[in-house]
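Copied over from TrEMBL, here are the features:
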{"type": "DOMAIN", "residues": "5-460", "note": "domain 'Aldehyde dehydrogenase'"}
{"type": "ACT_SITE", "residues": "Glu226", "note": "active site"}
{"type": "ACT_SITE", "residues": "Cys260", "note": "active site"}
{"type": "REGION", "residues": "522-541", "note": "region 'Disordered'"}
{"type": "COMPBIAS", "residues": "532-541", "note": "compositional bias 'Basic and acidic residues'"}
Amino acid sequence: MDDLGVVEAFTPARVHEAIQAAREAQGAWRKSTWEERRHLMRTMLRCLTDNMDAIVRVACRDSGKTKVDAMLGEVLTTCEKLRWLEKSGERWLKPEKRESGLLNLHKTSRVEFHPVGVVGAIVPWNYPFHNVFNPLTAALFAGNAIVIKTSEYASWSTKFYGRLIDLCLQAAGAPRNLVQIVTGYGEAGEALITGGADKIIFVGSVQVGRKVQEACAKTLTPLVLELGGKDPFVICEDASPKAIEQLACRGVYQNMGQNCAGPERFLVYEGVYQEFCDRVSKIVHDMRQGPTLSSDFVDCGAVRLPSHLKHLQDLVDDAVKHGAKLVAGGFIPKKPSRLAEGQFYPPTILSDVTEDMKIMKEEIFGPIMCIVKIKNNSDQEAIRIANNCEFALSSCAFSGSKQRASKLVSSMQAGMGSVNDLEGTTYLSQSLPFGGCKSSGYDRFAGPEGLRGLCHIKSVVEDRFVFHGGPFLAMPAQVTYPSSGQGPGFCKALIKIMYGYSLMDRVKGVMEIIEWSVKRPKNDQELPTASQDREENAKSK
């Protein structure tokens, strides 16, 4: 196996230098105009479309994916994100007018969105190009700088992608140090979290995500966690297996199943169970696997991590041991097979899978389709099994009735859902937030929610009219200092006027507020003033 090259393993000190360089660059960029930010997005989009063949080749070399997998998952999704930001980003970051309320009718109210400063992103290896550009584009459009720590399993490609980013920044007239790419191991990621970044985005495993959360808690650094999923793919008995078969295979075998949001549990109703199994089996037996840059006819590439092959095989062996049927694949290639020279695992199908099997509980992150039979074509049973999982990232459901499929999607616990389509289609709508719940993480990236999440949110009120440089309406005398004794009665009357249940309640409030505006209660207790208390205290000394 050929070496791709060597990159720097950043020390904590080097990471801190990168954060400081980004912070200095962000000081100028935070003042950039919307048109300057749109121009940067357009520049990046043109760079992608002009250089997509090179981008794809580098992604394939660094991750083992096929060219189609790279075109769909690396380039196409990034282009759509850039298009949405350029077209709609300003709309969601401009000051937003809000209702002022009854007591502030003389004022205007708005929400402002200010850049947080320096965003830190720790991203995985499964999409080496998109995982860099996804947080980068949103952070820059929001007026931030960004420091990105890439996986040690996808660092070689950053040399090329980093040069593209530098050229885009230069061409758009943006500060050069606005984007910093950090390579290395765990200590580099920890230094990014603890080194002063203003917000952290982490995409990775649950185990590491918990450690990131603990580190962020020490400095109260806000955090986005995207920790993967085990998405259900529901097929009702009135759906068409023929219409679904290619979507199902693309969902589970795209990028060799190494996707955060991708189907891992196929819940197929009894009425179409055998037909679906037969159809996907035929497709898989005709698929081709091998080195992905050698031919455009390769359907499946390699598994990125060498150690992951054993994990996949253990899951398959356990499922078969407990009664699952191995329909296709399910083995690690050995010599003299041509696939034994690489990190290949064949596209695999398991049928008759049950809830108690390990493969239904642990994230697979590989090219294995697990098919569960839903007896009696029961929607309730499908929902129960779908929700019986610690992950809740995405979901989808297929039915001849759009209403039924929509109801199923709404009933499944997940951050995203698709009706009569693959769950990944939500990511093609970049106006939608991306993220999950339960062990799939929290907070969001993408969409208005993700874009605004990269900002400090400030609430502002101001007078509608200018009045001699001061407030348009003065504080009512009844609640000014020192107390006249009118305050409690005046406030009670005011609340009745504004929020009284009936018209009569409000009329009573008007009468009472008039009364308390002229009524002067007597200070029976003759409470001393603050100055009198001070004099009394001085005497006691």
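Quick reminder: no glycine exception, Cβ is built from N, Cα and C everywhere.
Heads up, TrEMBL stuff is auto-annotated, nobody curated it.
The CA atom of Glu226 (active site) is located 8 Å away from the CA atom of Cys260 (active site). Long-range Cβ contacts of the region 'Disordered' (522-541) within its own chain (Cβ-Cβ under 8 Å, at least 6 residues beyond either end) map to 482, 485. Shown for the compositional bias 'Basic and acidic residues' (532-541): DSSP residue counts in helix, strand and coil, namely 9 helix, 0 strand, 1 coil.
Neighbour list (Cys260 (active site), Cβ cut-off 8 Å, at least 6 residues apart, same chain): Asn126, Val203, Glu226, Gly228, Gly229, Leu393. The number of other CB atoms found within 10 A of the CB of Glu226 (active site), across every protein chain shown, is 25.
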